[in-house]
Amino acid sequence: MTKQVLVELGERSYPIVIGQKLLSNGEPLARYLKNKNILIVTNETIAPLYLEKVQAMLSDFSCVTPVILPDGEQYKTLSQMDSIFTSLLQQNLGRDTVLIALGGGVIGDMTGFAAASYQRGIDFIQIPTTLLSQVDSSVGGKTAVNHPLGKNMIGAFYQPKYVLIDTDCLSTLPKREFAAGMAEVIKYGIMWDAEFFSWLEDNVEALKALDTHALEYAIGRCCEIKADVVEKDETEQAVRALLNLGHTFGHAIEAEMGYGVWLHGEAVSAGTVLAAITSNKLGLVEESIVCRITALFAAFDLPTSAPETMNFEQFIKHMRRDKKVLKGQLRLVLPEGLGRAGIYSNVTDEQLQEVIDCA
């Protein structure tokens, strides 16, 4: 069964289509690709698995070219993105071109940013192949590359025209990558939907076994929540910032440890537990809630504490560069219970040090 979620943004609205065997049927994409040149951006890991299948799906289109990039967060850079621009320019491709992002979050972010930048904007389509990209990064129009001094510091808000989520892609996903994606799934339950959080607690084994119905429900619910939030606040001026639960701590871990050493979802897992502990210290949540949050991450073999090699000074150095910082003041997304979160700027360095030291 195929599920569709619509991201309603007026003239820039687009569908998210979720189901099995979607890479075998190009018909749903046809109207978005009519009379267009197509450049498929993928990486060295995904290309042998799915590039041929996508090219076959697009066999009715005359100009379909791939660009194959190295795989890994450490390659999410302006210099690597230049390979996309070079391919476009060498083929004299203009604004009648569609970029297709075939891969995980890194490929999606880079392709989207390239689409936003090339000739001041061309269309792009997301075909996410990892759980993390299916439930989070492919939806909502955040595109970016990293800088040595911070994650996702160079980018743009730029919405795709279409998101195609084939859940069969998860069958080739390494277990560590699947677990990292579950960190973002769990995040939605904590910050938006307590009932979904409880459902996740009850369905750990089904999800780990890649049960089709469980996966499609979880991915669909995450996309519904993400669409709802993006419709309310596309450019993260208010409620969309809640989607960054765990990310201020998490981005600090990624930057300090070196991009790719910790997967993004692993850093978000540890970061969300740190945020929950901070909430408990501030009296926002009971310790029992912190225990449930920690236990659910642990059930998917995700880290629930900071790296032993990181100290408070290293954390705070990176956290001060967070995009939510306002007038020099750190703003943290903290859980207020299950299904609720808020933004707090009253957390002192002393309180943060206590949280980090005890984690």
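Backbone N, Cα and C define each Cβ position, glycine as well.
Note that the structure is a prediction, hence the values are computed from the model and not measured.
Per Swiss-Prot, the feature NAD(+) binding site maps to 71-76, 105-109, 129-130, Lys142, Lys151, 169-172. A helical conformation is recorded for Thr172 (NAD(+) binding site) in the three-state DSSP classification. Over all protein chains present, the Cβ of Thr172 (NAD(+) binding site) has 14 other Cβ atoms lying within 10 Å.
Annotation source Swiss-Prot lists Zn(2+) binding site at Glu184, His247, His264, citing sequence analysis. Counting Cβ atoms from all protein chains shown, His264 (Zn(2+) binding site) has 26 others lying within 10 Å of its own Cβ.
If you count neighbouring Cβ atoms within 10 Å for each of the binding-site residues Gly105, Gly108, the highest count belongs to Gly108. Within the set of binding-site residues Gln74, Gly108, Thr130, the entry lying nearest in space to Glu184 (Zn(2+) binding site) is Thr130 (CA atoms). By neighbour count, meaning other C-beta atoms within 10 Å, the densest spot among the binding-site residues Asp71, Glu184 is Glu184.
Around the Cβ of Gln74 (NAD(+) binding site), a 10 Å sphere holds 14 further Cβ atoms from the protein chains shown.
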